[in-house]
There are 2 protein chains.
Amino acid sequence: MPLRLDSKAAGFAADFTALVDARREADEDVSRDVSAILKAVRAHGDTALADYTRRFDHHDLNVSGWAVDPADCRAALDGLSSELRDALELAAARITAYHEKQKPVDSDGIDAAGVRLGARWTAVDAAGLYVPGGRAAYPSSLLMNVIPAKVAGVQRIAMVTPTPKGEINPLVLAAAQIAGIEEIWRVGGAQAVASLAYGTDRIKPVDVITGPGNAWVAEAKRQLYGVVGIDMVAGPSEIVVVADDQNDADWIAADLLSQSEHDPTSQSILFTDDAAFADAVEQAVMRRLPLLSTQAVATTSWAANGAIILVRDLDEAMPLVDRLAPEHLELAVDDPDRYFAQVRHAGSVFLGRMTPEAVGDYVAGPNHVLPTGRRARFSSGLSVLDFMKRTSFLGLTPEAIRAIGPAAVALAEAEGLPAHAASVALRL
Amino acid sequence: MPLRLDSKAAGFAADFTALVDARREADEDVSRDVSAILKAVRAHGDTALADYTRRFDHHDLNVSGWAVDPADCRAALDGLSSELRDALELAAARITAYHEKQKPVDSDGIDAAGVRLGARWTAVDAAGLYVPGGRAAYPSSLLMNVIPAKVAGVQRIAMVTPTPKGEINPLVLAAAQIAGIEEIWRVGGAQAVASLAYGTDRIKPVDVITGPGNAWVAEAKRQLYGVVGIDMVAGPSEIVVVADDQNDADWIAADLLSQSEHDPTSQSILFTDDAAFADAVEQAVMRRLPLLSTQAVATTSWAANGAIILVRDLDEAMPLVDRLAPEHLELAVDDPDRYFAQVRHAGSVFLGRMTPEAVGDYVAGPNHVLPTGRRARFSSGLSVLDFMKRTSFLGLTPEAIRAIGPAAVALAEAEGLPAHAASVALRL
């Protein structure tokens, strides 16, 4: 049974705080294992990669092949139904269009003191993309990670993915073909992340690594942060739905279950101002669960992490939503902007009754790689900016250095840095 | 003696690669110590802070006071010479003006399929600033860290700084007054970073932590990345100067030494196409060193990490500069734009003969918190964006979901996620 809370009940404040603070992230002690793997790959390169792949994925890279043949990607795409191929192509086109608007603008100008000041953005040279094997190998995630890098102008994209017993998901290969990925290595786990960060004889190092993975992959990225850039540390997925009683309970139940079916650690929370609607949604969830091929996962997650919170009115819900800082927030009301104006912390917001979160997972355009675990308080979804960096620049004329140089000399002297002071004073 | 390389010499490629790969960052094994400190502060809060402060900073917070009295900041500012006060205020005004231009623009529009799509930026609620004690307590760094947060619109800024034996640098207090910081805690080290991330009874938690520190502080930030946002992992400072023979050797020598004097691990590298000019700069460095109060540090750093690289022409230098991806790059030539156009990886670029790097440290306007250790390949200087996050949003009409919904259903089914598919299909 999901948690039921009522904002009018005694003890609500404490109960809600407990919900906010509850940690759904596994405290798996993988840090030492990952350190050892990173060291081994750094020291032994491809030999270590082959060893780990034999051990964890049960195939020999020197027999099954290190890289995926581009012809296999073309064949996978050709093998799709035209409906699925069109869907992938629509998704790619819409994701591209949305991310094109994220491209930053350079600046270059001269201010009142005669100082030339500006900023120039450039793409990183190479990006690495981790794609999980097995059930979590989603073609949509591949598009969401690769397209921002392509839009940024990244010249080389190297994908790594484990192929347990040598097998690989053809949908992923088809998506790779649509995204224009030409370099795919059949390695996974922390060892694959290490190979992208440090480079090996076969795999050249990259500058940024993104993409979802298990606890070992996440910990490898965390440990390599600074050697390379990474996307945010990702945790279990979550959705908050704010809904009045004018919604169809079946729709809202499906929206809640669309998070619950991801993983047993996923979380779905409904805020509503109507107790009868809350009951209707709960019943609709129970009716839908048996219909799902993902029933086992969804049932576990809904029972363990689901919550229905009754509030006096929806305005009361908004500060509570902010404390949760959810990855996904649906505002299933007639006037979503009224409530959206009160939201400070959320990864992505879905406005109105006709905007289920799942359209954002696939085809709407915004990125579905979003901050989880309350990280929307300080971080953003994946974007073109994650694959670019900014170089600031300045240029002084003799007049400009006379205008601002003496202040620099005074500050350098006060900080006890005489060569700083001299480098300016000599030019005055 | 600094390293001397000549691009015409046999073995140059290998020697230059060794220079690029040389690690100047200490491999101090502080990770376990820091983990223990973070755990203690998380579990015991203020009690742990007081214990560590007694042990490391040799004063009792319950006697000397936990927080700096705002009156002390006002008094410190009043005690400055008018020259120094004017210099700090000029710096603050120019840094503010530059960062104002970094404020991102929201978007909100409806596309051809009738889908409303947008992005909204908001500031984080609270930022924490670490300011080192002792020699490295630079008022300029305080301004460079606080002003982007203020421009972003951050409502609460909490500063922490160790006050060994209870003492604090009045210049830092004066800068805090100018920057408008009202919350300053007399704690330092990994324990201070932990208190900002987790919160204690006295210190409320923040969302982002920035600011320089020693190896313990840097490791604490690295371990807490994900609990809070942090600025980039910072390493030793570095400068690359590209100069032809039309420069004053004394100026260039001072520029190189302005990095060398920071720390024994700092690095200064000159690229020039003229052997006689290279000699002149080296001699000018030797003449200036004895004049510096920072002579000991600068001499060590110049001898250990300095380099003078002779190239056939300055165009040859530019790909080499890119491999170094320097924090600071001076282009001391008549036509700096010609060379700047060839640069892909640098933190900040100083254009022309009249633009010493030190003006950027203090008063030019761009941030002096910049990526070091080749991290300009993938990261940027500190900016307003580090204190903001983006919420994407979308809204569908019945027509819009009919246009793009079926593709979402097809992809959800292909990925084996039936509740995702249902949440869209029910609305079609």
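These residue numbers are counts, starting from 1, taken along the chain as shown.
Including glycine, each Cβ sits where the backbone N, Cα and C put it.
Listed features, source TrEMBL:
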ACT_SITE  B:GLU327  active site, proton acceptor
ACT_SITE  B:HIS328  active site, proton acceptor
BINDING   B:TYR130, B:GLN191, B:ASN214  NAD(+) binding site
BINDING   B:SER237, B:GLN259, B:HIS262, B:HIS328, B:ASP361, B:GLU415, B:HIS420  substrate binding site
BINDING   B:GLN259, B:HIS262, B:ASP361, B:HIS420  Zn(2+) binding site
Largest separation between Cα atoms (Å) of residues that the record links to substrate, namely B:SER237, B:GLN259, B:HIS262, B:HIS328, B:ASP361, B:GLU415, B:HIS420:
56
Identify, among the recorded positions B:GLU327, B:GLU415, the residue whose Cβ has the fewest other Cβ atoms within 10 Å in this structure.
B:GLU415
B:TYR130 (NAD(+) binding site): tally of other CB atoms within 10 A of its CB:
27
By Cα-Cα distance, the member of recorded positions B:TYR130, B:ASN214, B:HIS328 nearest B:SER237 (substrate binding site):
B:HIS328
Round to a whole number and give the Cα-to-Cα distance in Å for the pair B:ASP361 (substrate binding site) and B:ASN214 (NAD(+) binding site).
20
For B:HIS262 (substrate binding site), just give me the three-state DSSP call.
coil
Take the Cβ of B:SER237 (substrate binding site) and count every other Cβ within 10 Å, whichever protein chain it belongs to.
27
When each of the recorded positions B:TYR130, B:ASN214, B:HIS328, B:ASP361 is checked against chain A, which show a C-beta distance below 8 angstroms?
B:ASP361
Which one of these binding-site residues has the most other Cβ atoms within 10 Å of its own Cβ: B:GLN191, B:ASN214, B:GLN259?
B:GLN259
Longest CA-CA distance among B:TYR130, B:GLN191, B:ASN214, per record bound to NAD(+), angstrom:
13
Cβ within 8 Å of the NAD(+) site centroid (B:TYR130, B:GLN191, B:ASN214 excluded): which residues?
B:PRO132, B:VAL160, B:PRO162, B:GLY188, B:GLY189, B:ALA190, B:ALA192, B:VAL193, B:GLY213, B:TRP216, B:VAL217, B:ALA220
Compare the Cα of B:HIS328 (active site, proton acceptor) against each of the binding-site residues B:TYR130, B:GLN259, B:GLU415 and report the nearest.
B:GLN259
Rounded to the nearest Å - Cα separation of B:GLU415 (substrate binding site) and B:GLU327 (active site, proton acceptor):
44
What is the one among the recorded positions B:HIS262, B:HIS328, B:HIS420 whose Cβ has the most other Cβ atoms less than or equal to 10 Å away?
B:HIS420
May I ask for the distance between B:GLN191 (NAD(+) binding site) and B:HIS262 (substrate binding site), taken between their Cα atoms and rounded to an integer number of Å?
25
Taking just the CA atoms, what is the gap between B:ASN214 (NAD(+) binding site) and B:HIS262 (substrate binding site) in Å?
13
Between B:HIS420 (substrate binding site) and B:TYR130 (NAD(+) binding site): CA-CA distance (Å):
44
